Amino acid sequence: MSDQSLFPVPPGFAGSKTIDAAAYERLYRRSVEEPDAFWAEQGKIVDWIKPFTKVKNTQFTGDVSIKWFEDGVLNASANCIDRHLATRGDQTAIIWEGDDPAQSRHITYRELHEQVSKLANVLKARGVKKGDRVTIYLPMIPEAAFAMLACARLGAIHSVVFGGFSPDSLVGRIQDASSTVLITADEGVRGGRKVPLKANADVALKSCPEVSTVLVVRRTGGQIAWDASRDVWYHEALATASADCPPEPMGAEDPLFILYTSGSTGKPKGVLHTTGGYLVYAALTHREIFDYRDGEVYWCTADVGWVTGHSYILYGPLANGATTLMFEGVPNYPDAARFWQVVDKHKVSIFYTAPTAIRALMREGLEPLERTSRQSLRLLGSVGEPINPEAWLWYHEHVGAGRCPIVDTWWQTETGGILISPLPGAISTKPGSATKPFFGVKPVIVDAEGKELTGATEGNLCIADSWPGQMRTIFRDHPRFVETYFSMYPARYFTGDGCRRDEDGYYWITGRVDDVINVAGHRLGTAEIESALVAHEMVAEAAVVGYPHDVKGQGIYAYVTLMTGVEPTEELRKELVAWVRREIGPIASPDLIQWAPGLPKTRSGKIMRRILRKIAANEQGSLGDTSTLADPAVVDGLIENRMNR
Ligand code: WT7
């Protein structure tokens, strides 16, 4: 796909309320030239208990310090609920669509207020107070939203762990955060299958003795084990709780949540977001990039276990008084028309999903689409990985019937909200490009030495200055924060992504340049999968890389060296796949495992991953320089026995 195919704003699209192309340019310039003045105005998108007088106080050098609106006082839950009660108490805040198409629920802002206040009182009675960490391990049910907002109401810091993670992954996150309270459910339901959340939690909690309260939501009524000294039914606790719980006044820089995410090395990092800047940024980007209008139904298909769910199912939409849809199920259950049936059922105007889902549905042909109307759709969004032009065009032509602009939104757990994306109504799109920076965002492309490249170019993507939604630190590890994001290219935030800028100034994200892989929109550190593999008693060494995968974007390719004397069998291959699933979770299951008698290493013993990536991608014709290899013969053997043909 060439850069020439420019898609203007579709003629039928009633553009953004205020922002056209000229207004975007003008506002963007002001936002980066006068950030204090710009953000002082935008900061009013939320209600402040005590208004801020200071706006930006950030520094990307030395110890790195990021503060926004630092003397302001607010509460995120009050912004997402209480402030809407007078004007939209009876409006639906959350539409919940169950895995089973016969189940759905509408929760008004008034009901949300009641549920969240009661839960906050339950947590308070269990000793939870401002600054405490509460771990949430729930499926996509309304209680997940109630739990996050109840923490925010008390000023407790939530740490949501995706329901697809294993007991071991849950242990790591509970321990790192030192949570004493866990909120979970008996079981989750996805695609007609049960997910044993409470059973997983029981296993995890054997290693977390400091957890003294487990609140359990009854989702399925399935059989579970019960420890009366610790376990409490959610519905029983709420039955007697008061619905009056005043929101805790929080400093703008008081933490709102921690969310663990994979990096290129070590264990997952606790990305910490604070209250004021995060909420302002989530609300503003949601309103402008999705062009949200009063009364519309907005649907982001992510899980609340990921940052997309935090910012664009919960905080952004609710801060804006939107009706946000929360879907428990999967795109292909009961069949491949499910997304479109839900769109029709709830008259969804704005639909936000991931390229992997689009590609999977594309394979099913047009029949599922033809069974639905999708007339309510006005805007489509994409997030999580680069969207290939074929998928973009299918989304545009068939899902949106050519009527709906597509916003391809580039961002990260660390950025809190969208940094590069079209503004619908203002920016013409190109299939596969995230287009232009949002207000206040200064992307720079640098070469390996850190030299800034200008004009049309390609290199590593950094951001030159802070924006309000930026993460503030890694929980309890500020040195790692500085080292990970600010040491490679001093005085700039390094994203870990490669990027191209074309002659129109459009940005094209080319994927990770570090050892992070993106599998079906889920971010995984290859190091984590490797340490899971070598924890198996028959494995001596392992190297994991990503390789191109038709539906998932990237698949997981593992090279495994077995202990001397261990016979490589099909059975062992299956066992290792199951082992990684158990250690990390199903999303980390290797797609291909190649037995590797040896790994290509430099003379100093460093694994040459570049070569392993090439072999996994079936591009052994272009291995590049192999002269530094300790034993070049290893590579020939790996090529000969490669799995991806
Ligand atoms: C990585 C961040 C925050 C959204 C969910 C993922 C990749 C994300 C795009 C996009 C190309 C994208 C990047 C980024 N990514 N959106 N629109 N185009 N790549 O959050 O798990 O923190 O992953 O996802 O590689 O660094 P995450």
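Note: Cβ is positioned from N, Cα and C throughout, glycine not excepted.
Unlike curated entries, TrEMBL annotations are predicted automatically.
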Next item on the list: Let me know which member of Arg371, Arg480, Arg523 TrEMBL also records as binding ATP at the site of Gly384, Glu385, Pro386, Asp408, Thr409, Trp410, Trp411, Gln412, Thr413, Asp497, Arg512.
Entry: Arg523
Note to self: With the cut-off set at 10 Å between Cβ atoms, which of these binding-site residues ends up with the most neighbours? Options: Gly191, Gly192, Pro386.
What the structure shows: Pro386
Item checked: Mg(2+) site shell beyond Val534, His536, Val539, criterion: Cβ within 8 Å of Cβ centroid -> Ala532, Leu533, Ala535, Glu537, Met538, Ala540, Glu541, Ala542, Val560, Leu576, Trp579
Check: Using the residues the record lists for CoA (Arg190, Gly191, Gly192, Arg193, Thr308, Asn332, Arg581), what whole-number Å value is the largest Cα to Cα distance?
Finding: 24
Note to self: Return only the integer: C-alpha distance in Å from Lys606 (N6-acetyllysine) to Val534 (Mg(2+) binding site).
What the structure shows: 17
Next item on the list: To the nearest whole angstrom, state the Cα distance for the pair Thr409 (ATP binding site) and Val539 (Mg(2+) binding site).
Entry: 40
Notebook entry, point to check: Which whole number is the mean pLDDT over the domain 'AMP-binding enzyme C-terminal' (528-606)?
Noted result: 96
Next item on the list: Count the other Cβ atoms sitting within 10 Å of the Cβ of Arg190 (CoA binding site), across every protein chain shown.
Entry: 17
Check: Between Arg193 (CoA binding site) and Gly384 (ATP binding site), what C-alpha distance do you get in Å?
Finding: 25
